[in-house]
Amino acid sequence: MPPTTPHAGKFNSCPPYSNNNHPAPQSPYRSHTAPKPSRENVYNGAYSVAENPYDVPQPHAAYRSSSVSSVNANEHHYSSSCAISGNPYSLPQPQSPRQHSTSCPGRAYRHTSNCSSSSSDQSCRNSGSSTKARLYGHSITASYGEMCYHDNSLVSASLEALIQHLVPTVDYYPDRSYVFTFLLSSRLFLHPYELMTRVCHLCVEQQRSGDALLDKIRFREVAPKLVQLLTEWTETFPYDFRDERMMRCLKDMTLQVARGDEYSWRAMQQMTQRLIKRLSALGQYEEAVAALNAVAQERPASLKSKQTSAQRSDILSMCDDPFVLAQQLTHIELDRLSFIGPEEFIQSFAMKDPLENHKGFFRKRKTSNLEAYVNWFNRLSFLVATEICMPVKKKHRARIIEFFIDVAQECFNIGNFNSLMAIITGMNMSPVARLKKTWNKVNTDKFEILEHQMDPSSNFSNYRTALRGATQRSETAHSSQEKIVIPFFSLLIKDIYFLNEGCANRLPNGHINFEKLWELAKQVSEFLVWRQVICPFDRDRRILQYLVTTPVFTEDELHLASYESEGPENNMEKDSRRSLRSSLLHRENRS
């Protein structure tokens, strides 16, 4: 079970606000007061699928907020879903002798475990069906066949043993935390199709005794557990089944189950229907995102002039309430988060293993939804910079800067750290930062405090403290708004990347380093809990449409717009403006 995050505490290092026009924000991580409640009767527009291509069907409720019920070998009972509604490590460990506790080992084991060093060749050596145990001080390292444990926690094993450990039998079902961890990271070593084929084959073959009638009875007993395993797989990693071979294998198993157990067959049918519904929603989402990108590209932003600027709508004409805009940004964040598959984090660096480069699955690196979310962060940053650089009048630019500072503050209070960081990034882009005359008209007290919270020094220690506070608030939430935690996504990816790079996949004896897989699963499972939150705010169609489709400047166009707003201050900037004008004019003539 992952360690419980401590209370974030107070940000004593933050200076008090001195701007009378902007009262100090009451951070939910500083006091026990609830965040500002959502306002009523604010939104006039309905955000429907028919009116806006961005509004795609949400994942069905069973996938996002369901739980797993246990399977009794003597009863034909299935939960409606096996999606991760909480942390998969929170379930009690089974008492089966075949599965000695597979709870995630703490980091304290790293310096004492004898299975991650050269001694693993001695204490974790393949030993057939034998069992070995050694006592080191107050900790025990033991091996059971080809699986090595340290203090009853699985730390390494051969790939074959891990696959066998996943296969249910009449009197055994793998712990849910193990199922999630291995299904998540097994793709580092073999294709999901290969894993599914081998698991299903082993499950069927283990029931063969040579007597057809006995085989049928034994398979009928194990069928509910096989269905439960496949249900967990389809609900937690549905995107694996976009592979036609996976769907074929699932269909074959449905026919196999139908021969022996009617109840299990019906459960397989229901599971397949939910899977198809989920994949259909994913397809609609991807089409909607592609359509939005096409709309934005069809209307490229022209170079700024007084005429075009006066005609162009800006963010303040769409929404002049920072709280409302922060709510709409949170809608977009949660919508896009909900379609990121947990396996995409692993597949983003699956090619790093040279042994797997020959497999087409790893060459493709199916991470489109993760990449689309990163692209949204970049778009929001450029949108902020565009809105600031576009106005001709200095007073108007200063007003927009103050507005985005207030929006960033509201994002922080909501727990939307990704939009917060995107806004700060946009305001720190060099075309915006160089507007000194504009910034002189802005009270930057609040902005400096927000920058302090997202300061990258000490590995983003201030942000991580705030994130722990938001996580604790979410765990004890009394309202849906308090459940919202949207992490700074690029840093989450970076943490997972360096965790992967810093630990070997295999130990010197050839075993898979399962301690590493536990740690990867801990990181990803926390993301899944954040992802399943349903946004409680009302949608505003006009604002959402503006945020995702309005054209934004490229980097070169931003620099030129900045020079048009406040002229070059030295010869280098003058040369840069001259060069930008020439290159952009050349591009327009070519197009």
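Using the three backbone atoms N, Cα and C, a Cβ is placed for every residue, glycine included.
TrEMBL does not curate its annotations; it predicts them automatically.
Database features (TrEMBL):
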{"type": "REGION", "residues": "1-43", "note": "region 'Disordered'"}
{"type": "COMPBIAS", "residues": "15-30", "note": "compositional bias 'Polar residues'"}
{"type": "REGION", "residues": "85-131", "note": "region 'Disordered'"}
{"type": "COMPBIAS", "residues": "85-104", "note": "compositional bias 'Polar residues'"}
{"type": "COMPBIAS", "residues": "113-130", "note": "compositional bias 'Low complexity'"}
{"type": "DOMAIN", "residues": "150-280", "note": "domain 'N-terminal Ras-GEF'"}
{"type": "DOMAIN", "residues": "321-568", "note": "domain 'Ras-GEF'"}
{"type": "REGION", "residues": "564-591", "note": "region 'Disordered'"}
(Q) Within the region 'Disordered' (564-591), count helix residues (DSSP H, G, I), strand residues (E, B) and coil residues, in that order. (A) 22 helix, 0 strand, 6 coil
Q. The region 'Disordered' (564-591): which same-chain residues, six or more beyond its ends, come within Cβ distance under 8 Å?
A. 303-304, 389, 391-392, 394, 397, 434-438, 556-557
Q: Could you give me the DSSP helix, strand and coil counts for the domain 'N-terminal Ras-GEF' (150-280)?
A: 99 helix, 8 strand, 24 coil
